[in-house]
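Trainee: Before anything else, here's the structure in question.
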Amino acid sequence: MSWTASVFLRTSTTSMKFLRLRWPLPRIPQNKSANVAPRFRSKSAVSQLSSGFKFVQIRKSTCDSNEMTIKAIKARQIYDSRGNPTVEVDLTTELGLFRAAVPSGASTGVHEALELRDNDKANYHGKSVLKAVGHVNDTLGPELIKANLDVVDQASIDNFMIKLDGTENKSKFGANAILGVSLAVAKAGAAKKGVPLYKHIADLAGNKEIILPVPAFNVINGGSHAGNKLAMQEFMILPTGATSFTEAMKMGSEVYHHLKNVIKAKFGLDATAVGDEGGFAPNIQSNKEALNLISDAIAKAGYTGKIEIGMDVAASEFYKDGQYDLDFKNEKSDKSQWLPADKLANLYQEFIKDFPIVSIEDPFDQDHWEAWSNLTGCTDIQIVGDDLTVTNPKRIATAVEKKACNCLLLKVNQIGTVTESIAAHLLAKKNGWGTMVSHRSGETEDSFIGDLVVGLSTGQIKTGAPCRSERLAKYNQILRIEEEIGAGVKFAGKSFRKPQ
């Protein structure tokens, strides 16, 4: 019997609903719980991050027991959904072991926190993460253990690691090293409090009302996520007409399978291969054709008017010499066909007119501020900043000032800690933006962002198609949360941009 298994056997239950949500997290020992969740005395405080950004959060929740500190931290190299190395962290407290894995992106913004790779071309094409693993095992772990901080105090632990790193973009230890520890700390903090992870996150963010999100299913993949000719990266369906998350999943799944049949009938079985995020990757070049295929599938499923469409253009991937190359995967693309920003904006306006599009992400290059502001100013739909904002408070503040977009794409590995991710969301919300929680194209089985989107109640999440286990891990976690909360739980639906 393993040490971890023996820990589980020695502990007693707190709440079967909690265990269904968080299994196999350790249960609270009898001398701590008496089979009921403990009561907490919470202090609200303003936390100052090293980045200079302030936000109000539940700084510390103290039980009737002593503080629970970290006993051990162990990092290792595992593999993500693309077969590339990534970081996994095990954190041990008196309650047992808490595990977190870090995702990785393909189309990454130049302003993201640094993902530390070994750059040894003889191993994994330079993508191994043994340096980041070493930083956790040799520095971050030992220093955190010596600091003796309570795992419930997420902000203090995250800020401790930020200061220890000492760089603006976490380039000393790597955001992937720091994030692995931060995620594991959040899970340990939830267990110490005897609550599901989403409730702990809600406490950290000061969120009083739980609202389940609309899923944005990426059903056609292009750009850097697929080996086809399609330039624009993601074509998504949003079941905004659903009345529950369960119904939204049903609608998404049915449209996904209708789409497979539509693509198969038009292009043959070979065209139904899937991309990195589980969406189909037919070898088409016309972005409008992708939208037509999705519209046909929605109609065949009987959900016209109940399902809307979103796009992630990832335009930074095909921005060349001040123009946009929609044939960028062709090394011999015709430069005369490249589009200036105003022509590309006109194309988006045509899409919005012809299709039920409610959201466009990264329509222009990450530093093409004027083009962003012009489009956001002349449309009522959601314009999402991903590469533009990279979950970074400084970039968000600039985007707010320039009125460049109206929604933040929240990716925890872009900024590197749970605390800073929450801060980014709160800053966006304060300025009237929406927030869409997001996965990365290189994912793991870790379902953390499923709890994150519920805890923050942002109203929308994108984590791929209803296909591939690393994508379904997040959607399935939200289904479990919906079941645990029970009747009366709110679903964002048509109000996904500003859930209430």
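Placement of Cβ uses the backbone N, Cα and C atoms for every residue, glycine included.
Since we're looking at a predicted model, the values are computed, not measured.
Annotated substrate binding site per Swiss-Prot: His225, Glu234, Glu361, Asp386, Ser438, His439, Arg440, Ser441, Lys462, in sequence order. Here Swiss-Prot flags Glu277 as active site, proton donor. Positions annotated as Mg(2+) binding site by Swiss-Prot: Asp312, Glu361, Asp386. If you look up Swiss-Prot, you'll see Lys411 marked as active site, proton acceptor.
Distances, neighbours, how buried they are, the whole picture for these features please.
Mentor: Under 8 Å, Cβ to Cβ, and six or more positions away along its own chain, Ser438 (substrate binding site) finds Asp386, Leu409, Leu410, Lys411, Ile449, Ile461, Lys462, Thr463.
Taking all protein chains in view, 31 other C-beta atoms sit within 10 angstroms of the C-beta of Glu277 (active site, proton donor).
Under the DSSP three-state reduction, Glu361 (substrate binding site) is assigned to strand. All protein chains shown were included, and the count of other CB atoms within 10 Å of the CB of Glu361 (substrate binding site) stands at 27.
Taken residue by residue with DSSP, Lys411 (active site, proton acceptor) is part of neither helix nor strand, so it is coil.
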Trainee: Which state, by DSSP, holds Ser438 (substrate binding site): helix, strand or coil?
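Mentor: The residue in question, Ser438 (substrate binding site), is strand (DSSP, three-state).
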Trainee: Specify the count of other C-beta atoms within 10 Å of the C-beta of Arg440 (substrate binding site).
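Mentor: The answer is 27.
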Trainee: Check the Cα distances from Asp312 (Mg(2+) binding site) to each of the recorded positions Glu277, Glu361, Arg440 and keep only the ones within 10 Å.
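Mentor: Final answer, ordered: Glu361.
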Trainee: What's the CA-CA gap between Arg440 (substrate binding site) and Glu277 (active site, proton donor) in angstrom, rounded?
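Mentor: The separation of the Cα atoms works out to 9 Å.
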Trainee: Could you give the Cα-Cα distance between Glu361 (substrate binding site) and Glu277 (active site, proton donor), in whole Å?
Mentor: 16
